[in-house]
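These features come from TrEMBL:
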type	residues	note
TRANSMEM	39-57	transmembrane segment
TRANSMEM	64-81	transmembrane segment
TRANSMEM	87-107	transmembrane segment
TRANSMEM	114-135	transmembrane segment
TRANSMEM	162-182	transmembrane segment
TRANSMEM	212-233	transmembrane segment
TRANSMEM	253-278	transmembrane segment
TRANSMEM	290-310	transmembrane segment
Amino acid sequence: MIKLSSTKKRTLFFVALGWALLLIGDRVGELLQYQGSFVAMYALAIASIILLTGYSGQLSLGHSALMAVGAYAGALSINNLNLHPAIALVIATFAAGVFGLILGFGVARLSGPYLAGTTLALAVSLPTLANQFPILGGEQGVVFDVGAPPARFGEDFSMYKWFFWISTLAVLIMLWLISNVVSSRYGRTFRAIRDNETAAALSGLNTGRMKVMAFALSSGMAGLAGGLLVMLISGVSPSAFPLSLSFSLLTGAVVTGIYSLKGVMLGGLVLVAIPEIADSLVTRIGGSEGFTATLPGFLVSALLILAVLFTPNGPGTLLHSFKKHN
């Protein structure tokens, strides 16, 4: 019997998952393909929160701003440099990663509410920053055309399927890379810092450098998610990255299980489903315009409270408890 290493097992898992998702994408309609692209995008953004908070113990409330950095970088590279969307996604990842690296050096000594407050201030200041630079388009933002799918796929290959393919492949590749990182000595170092930073420093670990590394990796993931988002909506503006997005992502991370990457697709599915559930409730029970606008946020808040109360470590704990008692 052939014994595979854990790295090879992870690789085979992601390859199999990729094939399964692409096959499913070929057999569903355009609406589900479009929604599936958003699920993948949210899953990646949630994974970036889990890497930073769950693995390295750094709380961020401004990941929507990090997504915006990648989004603007990707949009400007398409508009101004006429680059292919795939290359623009690489630039989005790199730009947000570099931004996170610089920011990480500045906040490396911060932790807990101080770090959370700093990242929160970054998210709040996003609209003001966008208005300061004409190249960012102000409140109107930047609109662009991602072009048609490659001709070699045929005329029946829709843009929605193309978005689904790009989103799924980009997210799976990034999740595979990050899964290998957290399973390596770097991941063990992250967890040591999370559990007891003082003890980790006394044992000889360079906690400051590793915290900056985690922040940069998390920022790059968020930037890629932001790049995928603007590909889906063909534009970027401050309104696409509100402060509420950061809280929604944090909720998705808690629902998924803040200490594991295994359920990030579930978190993405939840964030896509909440607006649909809200629309369905409004259709059935009616309500004012204000009620309609605030209902999704209320559902996210309620879900966060329920998750913290009943499944603080993710839904897997419920399954484990059920098996234990049966």
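Yeah, the Cβs are placed from backbone N, Cα and C, and that goes for glycine too.
Between the transmembrane segment (114-135) and the stretches 64-81, 87-107, 162-182, 290-310, the greatest number of Cβ pairs separated by less than 8 Å involves 64-81.
Here the transmembrane segment (39-57) has Cβ contacts under 8 Å with residues 63, 66-67, 111, 164, 167-168, 170-171, 174-175, 178, 182, 187, 190-191, 193-195, 197, 210-211, 214-215, 217-219, 221-222, 224-226, 228-229, 232, 249-250, 252-253, 256-261, 264-265, 267-269, 271-272 of the same chain, all six or more residues outside its ends. The stretch from 64-81, 162-182, 212-233 that makes the most Cβ contacts under 8 Å with the transmembrane segment (87-107) is 212-233. Below 8 angstroms of C-beta separation, residues 7, 10-11, 14, 17-18, 21-22, 25, 33-34, 36-37, 40-41, 43-44, 47, 51, 55, 85-86, 89, 93, 149-150, 153, 190, 217, 221, 224, 228, 231-232, 261, 264 of the same chain, each at least six residues beyond the ends of the transmembrane segment (162-182), sit close to that stretch.
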